[in-house]
């Protein structure tokens with residue numbers, strides 16, 4: 001979770017709300033059965049769990065995949081089904097939907113139902129496929145194993161050992177449903193990562209209770225100690241590298257531009273890199289004109305966006321769309337595109353002012369080893 005939960009605000013918030021909602025839901029269910037370890041004097045309300053679930057679905061409508069599974073399993077066993085649906089689910093859902101719709105209406109300046117548009121684009125029209133697709137088994141064979149990393153065998157052992165099939169079934173359900181969609185990303189299944197790590201913790205707790213066979217000569221570390229050492233060796237270096245070094249250039253360049261803007265040396269910025277590669281005003285903190293390459297999906301399939309057109313032919317695209325680059329005081333681009341643009345940059349009186357390390361290896365494109373900043377001569 002150290003370097004996974006920082007992946008966009010909405011997915012991180014969805015994860016936190018999902019985990020909190022599941023806690024209140026399962027505690028309320030167990031309390032109603034009289035098997036909860038929580039104090040009988042103030043059992044948690046199921047409405048609290050429903051409220052958190054509704055908020056989670058409002059943040060990201062696909063969170064309904066999780067709550068559909070959780071709700072249906074307990075709904076089948078409920079005695080007062082009508083009371084649950086009409087006095088709990090519908091009122092809570094209607095209130096949250098109404099409040100969020102009013103907020104969206106106010107912010108957009110027009111009547112819009114964001115969850116409906118979200119579902120239309122991502123589910124009904126497969127709009128997400130525009131950003132790339134993966135094979136159906138990707139979450140099981142690559143995506144989720146990469147996220148949980150060396151905790152995976154401990155999670156599997158914890159699932160088998162605990163026999164908590166309802167929660168482990170939820171993990172399989174979410175991964176399975178998301179596998180149906182063509183476009184796949186790590187962040188989509190982030191809400192079930194804490195659940196898998198919970199099983200890993202259960203495995204380690206169970207391991208700590210095993211009696212060591214070597215009771216007299218304490219030369220060899222216990223199974224728990226070996227497990228912890230393995231997890232530290234494989235996770236701490238990875239967490240540090242991913243957080244401090246890997247792909248840091250796009251952050252560093254924005255901090256640099258922010259300082260330059262503070263000193264009055266930045267007038268306007270053009271980002272000649274794949275769309276949304278860097279933070280934007282959230283890091284710059286100055287009201288300056290900035291332009292990045294657009295990657296809005298087109299209604300016509302096969303139509304390339306600005307980002308794809310630039311990567312296909314950087315020099316020709318910039319010549320056609322922007323022409324004279326003198327209207328921008330600073331140009332930001334990756335080193336992999338710089339070599340195609342160098343003559344054009346120099347011809348427009350642009351000079352390299354800073355270069356920031358970005359990555360040691362390529363991820364989904366050519367090696368983007370550094371981020372380069374070019375500036376007009378008169379603003380140096």
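Placement of Cβ uses the backbone N, Cα and C atoms for every residue, glycine included.
Checking TrEMBL for transmembrane segment across the ranges 116-133, 188-205 points to 188-205. As stated in TrEMBL, the feature transmembrane segment covers range 226-245 out of the listed 226-245, 246-265. Below 8 angstroms of C-beta separation, residues 46-47, 50-51, 54-55, 57-58, 71, 75, 78, 114-115 of the same chain, each at least six residues beyond the ends of the transmembrane segment (84-108), sit close to that stretch. Sequence-remote contacts of a segment are chain residues at least 6 beyond its ends whose Cβ falls under 8 Å from one of its Cβ atoms, and for the transmembrane segment (226-245) they are 2-3, 149-151, 154, 204, 207, 357, 360.
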